[in-house]
Amino acid sequence: MKIILANPRGFCAGVDRAISIVELALEIHGAPIYVRHEVVHNRFVVNGLRERGAIFVEELSEVPDGAIVIFSAHGVSQAVRQEAKDRNLKVFDATCPLVTKVHMQVARASRKGTKAILIGHKGHPEVEGTMGQYSNEDGGIFLIEKVEDIARLPMQENDNLTFMTQTTLSLDDTAETIAALKEKYPAIQGPHKNDICYATTNRQEAVRELAKLSDLVLVVGSKNSSNSNRLAELASRMGVKSQLLDEPADIQADWFNDVKTIGITAGASAPEELGQSIISRLKRFGANSIEELQGLEGNMFFEVPKELRIKEVN
């Protein structure tokens with residue numbers, strides 16, 4: 001069997017920054033460091049940070065007063081920020097800057113009293129944080145996941161409306177939903193460019209090319225990773241078998257029946273070393289050659305907070 005690697009795959013700049021913030025906080029301040037929610041949605045990464053002294057919690061009520069807490073890459077609501085301030089918690093914010101950009105759009109709509117529509121997945125921490133930027137009772141923010149949800153929106157055609165999206169959605173599904181929104185609300189405003197981030201976009205485009213060449217597409221990523229799930233769904237939509245896997249032990253022999261070419265990609269929160277360990281396991285199942293596709297090389301970089309830059313600390 002032949003292995004073809006998608007390009008780009010794996011860590012994006014926002015994930016890289018978030019992990020670095022936890023690592024640097026541990027290095028400078030020592031354990032324990034509290035992290036609200038999994039800093040990124042990857043079990044391998046989270047377990048590694050936990051072993052080094054990070055304590056992952058879901059609510060700030062689990063964090064002692066005055067302790068250091070890190071907000072995950074997915075962002076948090078204004079209410080969570082205020083709670084941290086009220087309790088004198090030392091906060092390092094690992095929110096991806098591209099998520100912060102969406103937060104600013106929502107906050108702007110809230111200040112103006114413009115009703116906002118967020119396209120995203122209910123219950124996802126990024127969505128909860130984004131919804132929590134809106135506080136104006138004279139307006140409102142409404143969540144939709146798919147085209148069918150639009151019919152249930154309470155707004156009128158001539159209402160002052162704006163929309164924004166979660167950063168890790170399917171490009172195809174989101175384009176369809178935005179088109180339907182604009183059809184129902186012709187005057188609705190939105191970002192000049194959709195909010196789906198560069199890493200999500202590039203990785204989905206890479207999977208399109210990968211699926212054309214593969215009998216099976218393996219996506220390295222955790223089940224709670226939105227962008228990883230979208231990659232697996234896209235491959236399936238293109239008529240190729242796909243599997244989402246968290247670690248080498250997830251691999252099953254019957255996946256490879258009638259498979260000559262295996263395509264491999266990785267979600268934006270999956271480290272390269274995990275991908276390499278999966279490739280090593282695939283060799284035991286008969287994979288004997290590896291090819292990497294050409295693709296858009298990521299050159300985006302997001303700086304960590306000033307207080308965590310080692311040279312400036314020293």
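Glycine too: its Cβ is placed from the backbone N, Cα and C atoms.
Just so you know, the Cβ of GLU126 (active site, proton donor) picks up 26 other Cβ atoms within 10 Å once every protein chain is counted. Taken from Swiss-Prot, the feature active site, proton donor applies to GLU126, supported by sequence analysis.
In the three-state DSSP scheme, CYS12 ([4Fe-4S] cluster binding site) falls into the coil class. The feature [4Fe-4S] cluster binding site is assigned by Swiss-Prot to CYS12, CYS96, CYS197, with sequence analysis given as support.
In the three-state DSSP classification, HIS74 ((2E)-4-hydroxy-3-methylbut-2-enyl diphosphate binding site) falls within coil. The (2E)-4-hydroxy-3-methylbut-2-enyl diphosphate binding site annotation in Swiss-Prot covers HIS41, HIS74, HIS124, THR167, SER225, SER226, ASN227, SER269.
In the three-state DSSP reading, SER226 ((2E)-4-hydroxy-3-methylbut-2-enyl diphosphate binding site) counts as helix. Swiss-Prot lists HIS41, HIS74, HIS124, SER225, SER226, ASN227, SER269 with the feature dimethylallyl diphosphate binding site.
DSSP assigns HIS41 ((2E)-4-hydroxy-3-methylbut-2-enyl diphosphate binding site) to coil, not to a helix or a strand. What Swiss-Prot lists as isopentenyl diphosphate binding site is HIS41, HIS74, HIS124, SER225, SER226, ASN227, SER269, and the listing cites sequence analysis.
The binding residues for dimethylallyl diphosphate are recorded as HIS41, HIS74, HIS124, SER225, SER226, ASN227, SER269; their greatest pairwise CA distance is 15 Å. Long-range Cβ proximity for SER225 ((2E)-4-hydroxy-3-methylbut-2-enyl diphosphate binding site), meaning a same-chain Cβ under 8 A and a gap of 6 or more residues, is found for HIS41, ASN42, GLY267, ALA268, SER269, ALA270. In this structure, CYS96 ([4Fe-4S] cluster binding site) belongs to neither helix nor strand by DSSP; it is coil.
Rounded to a whole number, the C-alpha distance linking CYS197 ([4Fe-4S] cluster binding site) with THR167 ((2E)-4-hydroxy-3-methylbut-2-enyl diphosphate binding site) is 5 angstrom. If you compare Cα positions, CYS96 ([4Fe-4S] cluster binding site) sits closest to GLU126 out of the recorded positions HIS124, GLU126, SER226, ASN227. Same-chain residues that are not part of HIS41, HIS74, HIS124, THR167, SER225, SER226, ASN227, SER269 yet have a Cβ within 8 Å of the Cβ center of the (2E)-4-hydroxy-3-methylbut-2-enyl diphosphate site turn out to be VAL40, ALA73, GLU126, THR168, ASN224, SER228, GLY267, ALA268. Those same-chain residues not listed among CYS12, CYS96, CYS197 yet with C-beta within 8 angstroms of the centroid of the [4Fe-4S] cluster site C-beta atoms are ALA13, GLY14, VAL15, ALA73, PRO97, LEU98, VAL99, THR167, THR168, TYR198, ALA199, THR200, ALA268.
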